[in-house]
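Trainee: Sharing the features that Swiss-Prot gives for it:
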TRANSMEM  34-54  transmembrane segment
TRANSMEM  62-82  transmembrane segment
TRANSMEM  219-239  transmembrane segment
TRANSMEM  254-274  transmembrane segment
ACT_SITE  307  active site, 4-aspartylphosphate intermediate
BINDING   344, 348, 377, 378, 379, 380, 381, 382, 383, 384, 395  ATP binding site
BINDING   518, 522  Mg(2+) binding site
TRANSMEM  588-608  transmembrane segment
TRANSMEM  616-636  transmembrane segment
TRANSMEM  656-676  transmembrane segment
């Protein structure tokens, strides 16, 4: 689930943003945005000029200079407001997280075991390596790993999901997060971080923007904007001697107004807001990004590594068919398969019991009443089963059962090999059942491909993104599911080493790779990937290796993460196109007005037929300020984004924002000029 979305212009946030906008007028804050710093200097200069004119120290129209100065200050304030509003929305989201942090005491154990003597210490004094005991009703005081016990944990304060989760020692569910609450039982936890370094602390710092640094693309765009500003600054500086040589020197106020209207103030004023809003939108999807760089990288990704289970398929494989070996009755196979699954509580095991009941009316039997011994599945044996009387029944992967049969002096039948291949080609997973050394047949486990996933992959392909399915299945099963789902490639029988090698291979080809993971064995690959989304339900090692954490622990979220990243890049590109395009329209307003007296031929450029030179210049400056406010919703919400090829996206961008950037200023400046004239303000 996602967190409650804030209204775009929440009244309390707007008021706070206005206050922050005024505070940001401090030159120490302004110089970080070079384009708007030039506007700030121009505002200060024209303010001094208008005061000097009003006092008679300088000749000129004091009222006109004051109006220009006022609107230049408004331009700076609007740019500050856009950034402050974006930051305010992020801080509001962070405040909801701060409520989770509670000053509490923890029971620090003197020995790493349940029942050991404990000391009551403030939670904020716990250090990495300390052992604590938490029981039902307690708030977990630190991030850590469960070393003993198991408990139901309410993580809704972090994830927004109301359903409790089980945390227990061992495996991939041993990681706990400080600030979550124990609902039942108890846990002995080893703290994995020092104070101020918890997941919650990092989340708050990231969301508040305290650690926000400019991304590479943002830096490159800033350099471009600075270069354009320097060019226009030099060009404007040379205009004064030209006009003076013509016998009618242009005033400094007009030159400052010209400079401000020519430099890319629109994108300059909104650039920071776009970056902050991108991270905020990611949080709206319940994904915490460690930096803007991670969000930006998501927009540039061109290879997605997707786990099959839970991402491409529903993840709950169900027994669909019993396929007996030659000379074996199907009911005999079903009976043995059901016996081997009686104590198997996995979805697959339960489905085998149910299928045998449905097909042959075989009732469930109690393992204890049968005086049987259940053999659990392990990663080493890759099979499970039951020992009952003199019968030894096992079910498991083909390779595991083959080794088991051969170890017991038996022979794996060729016809079963054929049946295994047949099941795998159909996209199902084959489990082989054996009694003693005699192979009884194959169980087909069918996993269902998610509806609509093939269409989503087609959209990603259209965008130039390659999809690769990662699965532990054999190559035949993987190939069948890959074909059904519509992915571009697959990695079968995947191991952590194989994932890491595949990522490095794609990166060596100059591609950017995104993946998800939740286990400690995923950590090396997550650390190597350009965009690494760790599941919040995963281990501490996985979360530390990734550069994003999905609070919903939903592997499918990776596609949404890429969408948000591309939307941020699209928004930045769209507003840059619009900003540069609307500068062209402003040339036709200001240049004829500023120099018509010196060079009458320039009147031919006054295609908007503006009322007077003063109204033309003032209208352009007013429009230049107002357009920032009108574009704030676009900067915060993001430009509309559709899965298109790069060339189609460029054409769409140029038509909407390029042509729009040309037309909107012509209309806006003309309307403002008419209003100023009608109201008698010029």
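Each Cβ is built from the backbone N, Cα and C atoms, and glycine gets one as well.
Note that the coordinates shown come from a computational prediction; the quantities given were computed from them, not determined experimentally.
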Trainee: Output the single range from 34-54, 62-82, 254-274, 616-636 maximising the number of Cβ pairs under 8 Å to the transmembrane segment (656-676).
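Mentor: Answer, by Cβ pair count: 616-636.
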Trainee: When a 10 Å sphere is centred on the Cβ of residue 381 (ATP binding site), how many other Cβ atoms does it contain?
Mentor: 16
Trainee: Restricting to the same chain and to residues at least six past its boundaries, which positions have a Cβ under 8 Å from a Cβ of the transmembrane segment (62-82)?
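Mentor: Hits for the transmembrane segment (62-82): 17-18, 20-22, 24-25, 29-30, 33, 36, 39-40, 42-43, 46-47, 49-50, 53-54, 251, 253, 256-257, 260, 265, 268-270, 272-273, 614, 617-618, 621-622, 624-626, 628-629, 632, 635.
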Trainee: Grab the same-chain neighbours of the transmembrane segment (34-54) for me: Cβ-Cβ under 8 Å, and only residues 6 or more beyond its ends, written as numbers and ranges.
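Mentor: Distal contacts: 25, 27, 60-62, 65-66, 68-69, 72-73, 75-76, 79-80, 222, 225-226, 229, 233, 252-253, 256-257, 259-260, 263-265, 268-269.
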Trainee: Provide, as an integer number of angstrom, the distance between the C-alpha atoms of residue 383 (ATP binding site) and the residue listed as 'active site, 4-aspartylphosphate intermediate'.
Mentor: 22
Trainee: Can you give me the Cα-Cα distance between residue 377 (ATP binding site) and residue 518 (Mg(2+) binding site) in Å, rounded to a whole number?
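Mentor: Checking the Cα atoms of residue 377 (ATP binding site) and residue 518 (Mg(2+) binding site) gives a distance of 21 Å.
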Trainee: Any idea what DSSP makes of residue 522 (Mg(2+) binding site), helix, strand or coil?
Mentor: helix
Trainee: Quick one: pull the CA-CA distance for residue 381 (ATP binding site) versus residue 518 (Mg(2+) binding site), whole Å only.
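Mentor: Their Cα atoms are separated by 23 Å.
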Trainee: With residue 395 (ATP binding site) as the reference Cα, tell me which of the recorded positions 307, 518, 522 is the closest one.
Mentor: 307
Trainee: Which ones in the same chain are close to residue 522 (Mg(2+) binding site), with CB under 8 Å and 6+ residues apart in sequence?
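Mentor: Residues satisfying the criterion: 496, 499, 534, 538, 542, 545.
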Trainee: Pop the Cα-Cα gap between residue 518 (Mg(2+) binding site) and residue 344 (ATP binding site) into the table, whole Å please.
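Mentor: Pair distance, Cα basis, whole Å: 24 Å.
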Trainee: Work through the recorded positions one by one (307, 344, 518) and point out the residue whose CB has the fewest other CB atoms within 10 angstroms.
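Mentor: It is 344 that, of the recorded positions 307, 344, 518, has the fewest other Cβ atoms within 10 Å.
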Trainee: Taking only the Cα atoms, work out how far residue 518 (Mg(2+) binding site) lies from the residue listed as 'active site, 4-aspartylphosphate intermediate', in Å, as a whole number.
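Mentor: Computed Cα spacing between residue 518 (Mg(2+) binding site) and the residue listed as 'active site, 4-aspartylphosphate intermediate' is 11 Å.
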